[in-house]
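Read through the structure below, which is laid out as structure tokens, and then see the notes.
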Amino acid sequence: MITEEKKEEKNLNFIEEIIEADLQSGKYEQIVTRFPPEPNGYLHIGHASSICLNFGLTQKFPGYTNLRFDDTNPVTEDTEYVESIKNDIRWMGFEWKNELYASDYFDTLYEFALKFINAGLAYVDDSTSEEIAALKGTPTEPGKDSPYRNRSIEENLALFEQMKNGDFPDGSRTLRAKIDMAHINMLMRDPILYRIKHAHHHRTGNKWCIYPMYDFAHGQSDSIENVTHSICTLEFAPHRELYDWLIAKLEIYPSHQYEFARRNLNYTVTSKRKLLQLVQDGHVNGWDDPRMPTLSGLRRRGYTPESIRDFCDRIGVARRENMIDVGLLEFCVREDLNKKALRRMVVLDPLKVLITNFPEGVIEMCHSENNPEDIASGMREIPFSREIFIEKEDFLEIPTKKYFRLAPGKMVRLKGAYIIQCDDFVKDENGEITEVHCSYIENSKSGQDTTGINVKGTLHWVSAPHAVSVEIRLYDRLFSVENVSGEEGDFKDYINPESLSIITGYAEPALTDTKPGEAFQFLRKGYFATDTDSKTEKPVFNRTVTLRDNWAKAAEK
RNA sequence: UGGCUGAUGGUGUAAUGGUAACACAGGACAUUUUGGUUGUCUCGUUCAAGGUUCGAGUCCUUGUCGGCCAACCA
């Protein structure tokens, strides 16, 4: 027990190690982190890592986590996204201390800009974006000073005031920091601090027509909020130098930035730009399409927050490039659902079976456990009759070796009911098997079997007259290649055309009592979740994930 | 010809100068009224070359390979 605890404490990721050291040295008594989404899209599985990291840190160490919307670009942002983001974070099981917005600081940020101008550290540049780019240089060549770089403080003040007042059109002027056009770090070559955008902002409305850039808003917001550990992804590492420089020159609270590698999942994309395109071009049915790697899509698909948190724990946090197998995500949801999901029998591809020695018109009730992993979930009744459906793939005219399902002369157990033996089958003119004739073995009923017969196969089934038709949506991976962004050309060329197929299934009556979001295991078929489209008269289910299938694996070889 | 950053089984993550480990994936067996679950076993790893050291995945040097950096995006 003691060694186990010790081990758990010892296995810290690199950020936790930094925090542990900061706490131990007395640098901080508590930590403050923040989750800083831009409200320009829905949260996806990659964000889940960041959420678990930022919120998890302040569960593990003293302190708290804020939610801060990084809303400095009004043209792409919207309250719809704000709401979905808040909803998704709560669904994941986390609660923020303060709900904050970078736009709350626009006045302060404007003051900061003035301070910079007065200190001779910022200037208004009349150059076009092309001119700015041309003078910027390249990673190997230094840039050149803008002709507007040495305006007087008074002129800069006046011009910036006019920018704020809306005297200039979009793109005509910017406010730039005066740092060093020859700096080895491109981001330090007089970065743009403010730009003109005559656009309506989702929170400040039309109050502003100039908006701060990320670099002049993010670190400043961190500082205003006394964020101790500002955690972001690796591509922001070069920004850190600017982050620190701005805070130092402003002489404000020194937050510190730490970067970790974003988590990449194979067979999927996690770029808001690409996800937006999938939605807008109609390749999927919205942000919450169950094929989407968005949290709302995963939720609708049937993934549980527990399984996603477990996934994030397992993949950990590091600084190296990675490509995580979606198989791990699937493992996590199976493990969670195995404990929770009620078992139901649903035939997806029916084949009629006639129990020839079972009396016509008789209905016999069978019983089966709702979940063998959870005795408390109880039992349910299942009607049995002379005519049932089994899965087409569960009968073979000529069985292959090691096939222990139904075949002429063979016996199988019907789950929760009788052992049956196949006596005969019927083919249509196309050679298609349309019906199988069996006889049930007396005294072999589940729970009161006195026959001593041992069968290898157990099949799921449903009584034909009692079968309820339900809509079932089967999903496959959205992309057919492992590393979508590693491929040439348009990523949409790699969309899997068979990512969705809709079929009708035949369910036992107990399944009809369901509400959207509920999870079931369809015996031998997989985990399914009731869809938001589901109605009492027409239930709809999404396949979350199939069961592990060793037989299918063996059959492939 | 630049800067920053990284490299441990197929994948992801540990090992903080002292026996390279855990999980997933793969394979085998057992159990099983779900070919599920569970259990047992198994496979396989330090980018390379030098150096320091009694001892190097870890420290040093050089090299190789990967990622990121020239949006009025974040």
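Even glycines carry a Cβ here, placed using N, Cα and C.
Database features (TrEMBL):
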- A:30-338: domain 'Glutamyl/glutaminyl-tRNA synthetase class Ib catalytic' (DOMAIN)
- A:37-47: motif ''HIGH' region' (MOTIF)
- A:Glu38, A:Pro39, A:Asn40, A:Thr233: ATP binding site (BINDING)
- A:Asp70, A:Tyr214: L-glutamine binding site (BINDING)
- A:269-273: motif ''KMSKS' region' (MOTIF)
- A:341-440: domain 'Glutamyl/glutaminyl-tRNA synthetase class Ib anti-codon binding' (DOMAIN)
- A:458-531: domain 'tRNA synthetases class I (E and Q) anti-codon binding' (DOMAIN)
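Shown on the structure are the features that TrEMBL records.
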{"residue": "A:Glu38", "record": "ATP binding site", "CB count, 10 Å": "17"}
{"residue": "A:Pro39", "record": "ATP binding site", "CB count, 10 Å": "23"}
{"residue": "A:Asn40", "record": "ATP binding site", "CB count, 10 Å": "17"}
{"residue": "A:Asp70", "record": "L-glutamine binding site", "CB count, 10 Å": "19"}
{"residue": "A:Tyr214", "record": "L-glutamine binding site", "CB count, 10 Å": "16"}
{"residue": "A:Thr233", "record": "ATP binding site", "CB count, 10 Å": "14"}
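Per DSSP, the secondary structure of the motif ''KMSKS' region' (A:269-273) breaks down as 2 helix, 0 strand, 3 coil.
Comparing A:Thr233 (ATP binding site) with A:Tyr214 (L-glutamine binding site), their Cα atoms are 14 Å apart once rounded. Note on the domain 'Glutamyl/glutaminyl-tRNA synthetase class Ib catalytic' (A:30-338): its mean pLDDT in the predicted model is 97. Here A:Asp70 (L-glutamine binding site) is compared against the binding-site residues A:Glu38, A:Pro39, A:Asn40, and the shortest C-alpha distance is to A:Glu38. Distance noted between the C-alpha atoms of A:Glu38 (ATP binding site) and A:Tyr214 (L-glutamine binding site) is 10 Å. DSSP assignment over the domain 'tRNA synthetases class I (E and Q) anti-codon binding' (A:458-531) gives 14 helix, 31 strand, 29 coil. A gap of 14 Å separates the Cα atoms of A:Asn40 (ATP binding site) and A:Tyr214 (L-glutamine binding site).
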